[in-house]
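Everything on this sheet refers to the single structure shown next.
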Amino acid sequence: ICFKSNIAGNSWGFRNERDSLEIFQVFNASSSSSSIKVPSRVGMFLIYTPAFLVGVASFWLFPDGDFRFLLLKSAITIHFFKRILEVTFIHKYSGEMSLDTIIIILVSYFFISLSLIYTQTFNQGLSEPSIDLKYLGIVLFLIGISGNFYHHCILSQLRTKGGKEYKIPKGGLFELVICPHYLFEILGFMGISLISQTLYSFSTTLGIAVYLMCRGYVSRKWYMSKFEDFPKEVKAVIPYVF
């Protein structure tokens, strides 16, 4: 058996910054007009910080785990630290977010980080899987966060300061798919699931992959409706396939 048995549960999809404000606007639309508003950059920073702090705290709360557990804690902490860095230095924002929206999304990310780390504690002391996939997981995770960061940088360069116009992204894997940042996000979480090698982390990654592929499909339809010159051969998330 390649995956250690573990507690199964629901999974939440992770979002990338450029598109995350779209779904946050849905929450905002249902919020009362009297809701407290904060700048979008501040809101995104607040959303990711607790999940990052969970990762940091896990090194103190669970100092005696095995090497696999150390890798998992490190990967989750690095993932959310990267997101905070992108919010602070890479992504361009405009507008505001309601505080109740921030709290809803904040709790979701907090739960993802906490649950992935905490459920791993149930496997401490158990025998290793017959097929060890954690080193392959490290490689996939590093490819995922690097590719995701690279394409986020490309996206950030599309919008000038104060500008709100949309353009067809070019460069990198944007020549093949409209959402390569989703593709690399999925690869990153595949890496996390292989590092963890539990049924829970695998189911979480599966949920994330399905969610992001659906978002990619919707994004491609939007681009095709807005740009008459959108290349039909450019897929949504997976080159040449989907």
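From the backbone N, Cα and C atoms, a Cβ is placed for every residue, glycine too.
These features come from TrEMBL:
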TRANSMEM  42-61  transmembrane segment
TRANSMEM  97-118  transmembrane segment
DOMAIN    127-242  domain '3-oxo-5-alpha-steroid 4-dehydrogenase C-terminal'
TRANSMEM  133-151  transmembrane segment
TRANSMEM  172-192  transmembrane segment
TRANSMEM  198-218  transmembrane segment
Notebook entry, point to check: So which of 42-61, 133-151, 172-192, 198-218 has the most C-beta pairs under 8 Å when paired with the transmembrane segment (97-118)?
Noted result: 42-61
Checklist line | Secondary structure content, the domain '3-oxo-5-alpha-steroid 4-dehydrogenase C-terminal' (127-242) (per DSSP, counts of residues) | finding: 72 helix, 3 strand, 41 coil
